[in-house]
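Presented below is the structure to which this report refers.
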Amino acid sequence: MSVGQAVAGPQYMVAIPATLEAGAETKFCASLLQPNETLVMTVTLMSQDENTTLLQKTSSEEFHTCVPFKVPLVQKEVVQKFEVDVQGDTFHSTEVRRVMIRVYKPMTFIQTDKPIYLPGQTGISHPQEKTISISYVVGKLSFIDTPKIYDQGSNVEGKVKAIFYNDTPIPDMPVYLFKGQRWSSHLLQNLTTDSNGVASFSFSTADFNGDIKLHVSNKPTLDYRTYRTPHYESGHHTLSLAQPPSPDVKPVSSLQVKKKDKPLPCDSDEDISIQYNVVGEAQGSVDVMYLVSGGRIV
C-alpha cells in the first residue's frame, strides 16, 4: 500500500497485493483526496527490462477507482517496483514500493476409489512414527468488541468471550473482570457467559486517569497457574486515555472492524460493523474507504 499526504494539501492512497501471481489478472485501487489543483496520478510497474504504465489519470476532483491489469508472465520469482507519482503545478509526490511476482506451478492430485494393493495381498502395512505435543489449555478467555481508547468520565462498554480448546463457545460460565496490574488487581465485576460464550460489561471511567488494565479470568482471583495443570487462559486488554490535539502529539483516533463469530457465507450479502473512535479533534468530515482483500483485492 502506498500512501502520500500533505498537512493541508492533496492526499492519495494506492493499494496493491504485495505478492502477485505471474500471468494472472488482478487489480489495484487508487484514491485521491482533497486536491487543490489539477493533478496527474501516474502508476507504473517497473522492471529492469521495461516500465509499464498501469494508470494515468488527470483530475481536479476527488476520485476512487480500481484498475484491473495483467501481471507480467515471468519464468521465475522476481521483485519489481511499483511507483505512484502525483504531480501538479505546486504539488509533487512520488512513492515507490516493491511487489513480488511469484510463479505458481500446477499440481496434479490423484485420489483412488479404493486402496491400491498387489495380487495376493490382504492389505497395506504402513508403519509410521509421529511426535505430538500435549497442551494443558482447556479453554481461552479474551476481550472482543472492546475499545482501546476512552474519554475520562465516559462509560466503557465491552465484551468477553470464553471458548474451549477446539474454538467452541462455553455457555453459562462464570467469569471475573479485574482492573489494575496483574499482581495488584481488583475485582471489577462478576459476569456469566451466554449461549454464545459471550458476556457484556460496562463501567464508568470517572475515577480513572491514564491507562486502564483489564483482565478476565475463570477464577475469582488472578493466581498464577501451576505447572502442567489443566487451565483456562486469562484474557488481557489495555484502555488508553484519549489525548488532546497537540503540535507534538498525533491524535489517537482509530477505527476497528468488528469480528464475525462465523465464517462469511459465499454469494450472499453481509453487514460489516465498524467501531469509530474519533478523539481530540475539531468537528468536521472524514473520508472512509472500504477495501476487501484476501491475497487479492475483491
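Keep in mind that glycine also has a Cβ here, set from the backbone N, Cα and C atoms.
What you are looking at is a predicted structure, and each value in this text was computed from that prediction instead of being measured.
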The annotated region 'Disordered' range in TrEMBL, which must be one of 115-134, 235-254: 235-254
Within the domain 'Macroglobulin' (141-219), residues counted as helix, strand or coil by DSSP: 3 helix, 43 strand, 33 coil
Stretch-averaged pLDDT - the domain 'Macroglobulin' (141-219): 93
